[in-house]
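Asker: Here you go, one structure.
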Amino acid sequence: MVNVVLGSQWGDEGKGKLVDLLVGKYDIVARCAGGNNAGHTIVVNGVKYDFHMLPSGLVNPNCQNLLGNGVVIHVPSFFKELETLEAKGLKNARSRLFVSSRAHLVFDFHQVTDKLRELELSGRSKDGKNIGTTGKGIGPTYSTKASRSGLRVHHLVNDQPGAWEEFVARYKRLLETRRQRYGDFEYDFEAKPAEYKKLREQLKPFVVDSVVFMHNAIEAKKKILVEGANALMLDIDFGTYPYVTSSNTGIGGVLTGLGIPPRTIDEIYGVVKAYTTRVGEGPFPTEQLNENGEKLQTIGAEFGVTTGRKRRCGWLDLVVLKYSTLINGYTSLNITKLDVLDTFKEIPVGISYSIQGKKLDLFPEDLNILGKVEVEYKVLPGWDQDITKITKYEDLPENAKKYLKYIENFVGVPVEWVGTGPARESMLHKEIK
């Protein structure tokens, strides 16, 4: 059994909390894409655990965790994050964590060139805007992967005669191509191979053939949960390109990032924030550059876990959610942070786009069009009630249930979970048929 948790908007929907809620039922939690460019916080028994690269399943002491071949790994950050989690009391984490031998490596020079590229792009653009990269080197690493010049985990940990010398030579060639592209930037080449020679010994115990790992688990009928990174609207193919990440963050990335066939997937859970947020640049049709946006930002504490940047805020965009649903095929939804809307008298939701008076059939691929659309809103009544203490779905205010029902009817997918606060237990479950 393979179930999948995916973000349906622009990220930061609260995927980690749902994974944390579900993880006790699973034998394995796997990540399939991205790197340490995303982040979420899980609170267990009053202890906050910040996850960036590592799977959230580590909070369950009986769960194995895998970083799949689609993940890109900055090895120093891998160990720093692991040590930080261990210092907070995470038990037997090292014996439960595995890394695909096919995963690509992020180096420090990828991070340097990531920032240089961002500056270059902002200088070229007419409006001075940039992509909004986290500067973690994710894009440049996927770029070297696509150009077939990247280095993978197995290149680093290979013990065969001459393998280390080959690794250093390829590393040097990769660095030189970056210097040819961006000029002579500050970088201590002599120190880095020595650092990685130490890290390779530390990394070896974690490395597995992830294809064998996953298929053995499937054959053994293990319960597997895939933890998506980022979200569909940041997908390299289906997101608001070029204001996207560099990997496939939808259902397609699950298959290619873990090497599993489509028939193995059972449930696909779409995580949806009750309003909409976005970090970085790019079109955002329902953004509220007013007191409503500020109120959502303040009440929702909308700051990025990885970057600390303020998130842009706006009303729920059902055009986005319907588009996301078409691609990912959600079987049920988790609506998060519903409590942030508690004090709004009226709650608009975006239900269609038009441009120059002509209604669009679906979410447009052209950002020149998307940036000019007019949003039609359906205004729903608020509930003006604190819902953070409610423990059963049935006890939600009628207007809150009507809000959720409107979402269900619009996208044609049932709501199964509702987040009503930051605490681990603040998640209501609704039985679905």
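Here the Cβ of each residue, glycine as well, is placed from N, Cα and C on the backbone.
In case it's useful when we look at the structure, here is the feature table from Swiss-Prot:
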type: ACT_SITE; residues: Asp12; note: active site, proton acceptor
type: ACT_SITE; residues: His40; note: active site, proton donor
type: BINDING; residues: 11-17, 39-41, Arg311, 337-339, 419-421; note: GTP binding site
type: BINDING; residues: Asp12, Gly39; note: Mg(2+) binding site
type: BINDING; residues: Asp12, Glu13, Gly14, Lys15, Asn37, Ala38, Gly39, His40, Thr134, Arg148, Asn230, Thr245, Arg309; note: IMP binding site
type: BINDING; residues: Val305, Thr306, Thr307, Gly308, Arg309, Lys310, Arg311; note: substrate binding site
Asker: To the nearest whole angstrom, what is the C-alpha distance linking Lys310 (substrate binding site) and Asp12 (active site, proton acceptor)?
Answerer: 12
Asker: Where does Asn230 (IMP binding site) sit in the DSSP three-state scheme?
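Answerer: Assignment for Asn230 (IMP binding site) reads coil.
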Asker: At a 10 Å cut-off from the C-beta of Lys310 (substrate binding site), count the other C-beta atoms across all protein chains.
Answerer: 12
Asker: Drop a 10 Å sphere on every Cβ of the binding-site residues Gly11, Gly14, Gly39, Gly308 and tell me which sphere holds the fewest other Cβ atoms.
Answerer: Gly308
Asker: For the recorded positions listed here, Lys17, His40, which shows the highest count of neighbouring CB atoms within 10 A?
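Answerer: Output for this query is Lys17.
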Asker: Please list, in sequence order, the residues in the chain of the residue listed as 'active site, proton acceptor' that are at least six apart in sequence and whose C-beta is under 8 Å away from its C-beta.
Answerer: His40, Ala231, Lys273, Thr277, Val279, Glu302, Gly304, Arg311
Asker: Within 10 Å of Gly39 (Mg(2+) binding site) by C-alpha distance: pick out those among the binding-site residues Lys17, Asn230, Leu338, Thr420, and say none if nothing qualifies.
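Answerer: Cα filter at 10 Å returns Asn230.
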Asker: So if I measure Cβ to Cβ from Thr420 (GTP binding site) and keep only same-chain residues at least 6 apart in sequence, which ones fall under 8 Å?
Answerer: Leu338, Asp339, Ile387, Thr388, Ile390, Ser426, Met427, Leu428
